[in-house]
Each structure stands twice: as C-alpha cells, then as structure tokens.
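J.: Sharing a structure below in structure tokens format, with a few things to ask.
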C-alpha cells in the first residue's frame, strides 16, 4: 500500500514568531512579511488537508502501519506500535501482544539467574525441615519461643535476650530478667555456703590430724 506523503513546507521565521522584525525593516516591510507568512500558513494547511483526503480515499486505516519502538529519555524500553493498532475511527482495534520480561524490567531476569545459586546455597530439604520443625523453649520456660536456629544464639547466662515477637512486652521482659538474676544470686549464695562448710570441715580435719601427731611426738 502506497503512503501519501506531504511535501515539506518551509515556514519563514516571521510566521513562527510574528513579533520578529529584521534589522533595518520598516513598518511597511514588516506588514508585507506578515502577509507573506499568512500565505505560507494557508498553503501548509491546504497541503495537510490534501494529505488527509488522500489517505481517506486510498483506504489507509493506520498511517503508522510500520513498527516503531519508542524509548524513554532514561533508556528504558518503550512500547511498540504495529500494523492495524488503530482502526479507521482512531479507536484501538486490538490489543498488542504482552511485552517480554526483558521489556518489563530486569526483576524476572535477575530472579531467574539467581535461582540456581539460591538453591545451591540453601537446599530445599533444609528449608522444609526448618519450616516443619516445632518451636522449642529454652531455660525453664520463661524465655519466649525460639526456633531451632535461634536456640543456639540465646545466651542464657547473660539473660539479655530481647524477644523479636510481639507477645512479650517490656514489663514481661523486665520481670523475666529479674527472676533470672534472683535465681543466679540464690545459686551463688548456696554455693558460697557449701564452700564455707566444706572449708570448715577440712580445717577441722587438718587440726585434728596435727593435734594427734603432736600428741604422739610430745607425749
């Protein structure tokens, strides 16, 4: 199908800018220049109407019947207009085919390229086992629920674990830490008491042995 093309029409500067005045031009010359510009505008409009009439008479439904890919200023891929994208009345006669993942963006490409590395780093059976493993409690039940991977990171001696869940408030945490410190102090007191008793018993035994030895040496 042949395309109807309009001849290039050159519009002088005075038409695009009516207030333009060349150097040394009188008022009469300016009015003559504007009259000539009006003639050029009329000729251009007549040529455009002739092109539109020719396109209608030859049955051209879409003057953009060639494939054109528009790209944005930042280099992103644009859209494609193909044959019969628009009907004779200017409305869309059909939807273009969906763009490929490369056109949409790099998200799908990046995810697909990293999938083997993710599978190699974290095996699927490990993920399923971690998800199916029940939650465990550490300490004596006062600590919040911990998963299998979190139990080894919990420091029961320092007692400075903050729960990541929303079921433990600040007051609950303070009470839990206070109970742990009280138990630690109580165990320390018991240990010191036992150590003192043992030390007294050992000293008594040593003194008895020394007394018996001295009694035998010095009758």
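Heads up, the Cβ atoms here are built off N, Cα and C, so glycines get one too.
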J.: According to Swiss-Prot, which of these ranges is region 'Acidic': 153-168, 169-184, 185-200, 201-216?
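T.: That would be 153-168, the stretch labelled region 'Acidic' in Swiss-Prot.
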J.: State the non-local partners of the topological domain 'Virion surface' (215-219) in its own chain: residues 6+ outside its ends, Cβ under 8 Å from one of its Cβ atoms.
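T.: Sequence-distant neighbours of the topological domain 'Virion surface' (215-219): none found.
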